[in-house]
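Notes to accompany the following structure.
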Ligand code: GDP
Ligand code: IMO
Ligand code: MG
């Protein structure tokens, strides 16, 4: 019953797309279990680059069945434009399965995301503006629209009415916007029903049967541990659970089925949007990481905030996810620094703190305590084995492993599928 969870160990954009794609050739199913098209996963195959938002990265591996689980929020217009973009490039997407219980991002959810952010002003979260938070809010408030609702017009109409009742009051009276007509939304959603139908399935049954049949299932997280609604830097988080437990609720498999949890960990740190980030750099080193690492958002095109590696966060990710392995990415980006600072602890109000403080106020003024590790200048992008890395790069990886609390089983030395050093097999 090999069921693997692959997730971001920091604030997203760690290289999950590349890691999933790398494993995709050997797995039977790749499942997205939370989030939606706020994700931006880059996969580079030969000279072809793909940017995936909603679809699981396994869609690029011909033998693999991609699954959108019940925990995902689906914007149908984005889904179809992503599918047709891939079809035009010759990718077969016909095996895709979508849970009938997944919630739909409606046009009013996107509107609410944008107006609430604007209303928050300088306190805004810096969301991707894709309607993610409001759609999950509707789900929890029990006024959400599910994929299966598109197949019962009367129920759909009642649900859209219920959802818009309060929202239209808010839009017109508080935000000075026009009300949204129920009929227009229902018509738009019904317009997707036939096109969606071939993909809709009881994905919980499919996945549990697959596991019973000893098929290999990979759960691909969106976002990252520190963006988790429960375990992240709340309120500067996304509205779902990218952490390992989210795979169980978001796909309908029991925790006893999960055999491996792989944390994708960038060799430095990045973050998009607002919120605390202790190792953030505002100097030329930060600029260099952004430039060399190509740190620009795949979804919104925003520059990513960049900083040194933070071992406190990595340890925290190990703990809350029960990580069995790390996949360290973008080691190549650090080539050329004489010394590389690594944050080993924080200083908070004059005290050294080894673990992530649970208090938000403490975390907001945590100062990084750095240890300097010697750098390397040799090009490492062609390295195929750990032994081929320069001694100082090996020592950097070993130091991170020791501080982070789980073995580093693979190392990314470039964006391509084959630019990876495999140390321990994941399967
Ligand atoms: P994701 O959201 O976690 O899938 O990550 P993104 O795709 O948003 O950002 C990761 C970026 O790093 C992408 O441009 C990848 O092509 C690139 N990338 C992934 N692994 C490596 C690596 O080991 N080295 C380098 N140089 N780039 C990498
Ligand atoms: P991948 O899967 C990085 C951030 C947004 C914002 C916060 C809330 O590519 O790693 P949301 O639209 O989700 O309500 O925004 O979360 N965010 C991401 N940051 N990578 C992502 O996805 C992200 N998805 C959301 O920038 O700060
Ligand atoms: Mg991304």
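Backbone N, Cα and C define each Cβ position, glycine as well.
According to TrEMBL, the features are:
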ACT_SITE  13  active site, proton acceptor
ACT_SITE  41  active site, proton donor
ACT_SITE  139  active site
BINDING   12-18, 40-42, 304, 330-332, 412-414  GTP binding site
BINDING   13, 40  Mg(2+) binding site
BINDING   13, 14, 15, 16, 38, 39, 40, 41, 128, 142, 223, 238, 302  IMP binding site
BINDING   298, 299, 300, 301, 302, 303, 304  substrate binding site
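Contacts of residue 413 (GTP binding site) defined by a Cβ separation under 8 A and a same-chain sequence distance of 6+ are given as 331, 332, 380, 381, 382, 383, 419, 420, 421, in order along the sequence.
It is 15 that, of the binding-site residues 15, 40, 301, has its Cβ surrounded by the most other Cβ atoms within 10 Å. For ligand 3, the nearby recorded positions are 13, 40, 298; that is, of 13, 40, 223, 298, these have a C-beta under 6 Å from one of its atoms. Secondary structure at residue 18 (GTP binding site), as computed by DSSP, is helix. On its own chain, residue 303 (substrate binding site) has 290, 295, 296, 297 as residues at least 6 apart in sequence with a Cβ closer than 8 Å to its own Cβ. Rounded to a whole number, the C-alpha distance linking residue 299 (substrate binding site) with residue 40 (Mg(2+) binding site) is 5 angstrom. Here the candidates are the binding-site residues 128, 223, 302, and by Cα distance the one nearest residue 12 (GTP binding site) turns out to be 223. Comparing Cβ neighbour counts within 10 Å across the binding-site residues 38, 42, 223, 300, the minimum falls on 300. Taking 13, 18, 300, 303, 331, 413 as the candidate recorded positions, the subset whose CB lies under 6 angstroms from any atom of ligand 2 consists of 13. Residue 42 (GTP binding site) has 13, 298 nearby among the recorded positions 13, 128, 139, 298, counting only those with a Cα within 10 angstroms of its own Cα. Summarising the environment of residue 128 (IMP binding site), the number of other Cβ atoms within 10 Å of its Cβ, over all protein chains shown, is 23.
Residue 331 (GTP binding site) falls within a helical segment according to DSSP. Take the CB of residue 18 (GTP binding site) and look out to 10 A: across all protein chains shown you find 25 other CB atoms. Taking each of the binding-site residues 298, 331 in turn and counting other Cβ atoms within 10 Å of its Cβ gives the largest count for 331. In the three-state DSSP reading, the residue listed as 'active site' counts as helix.
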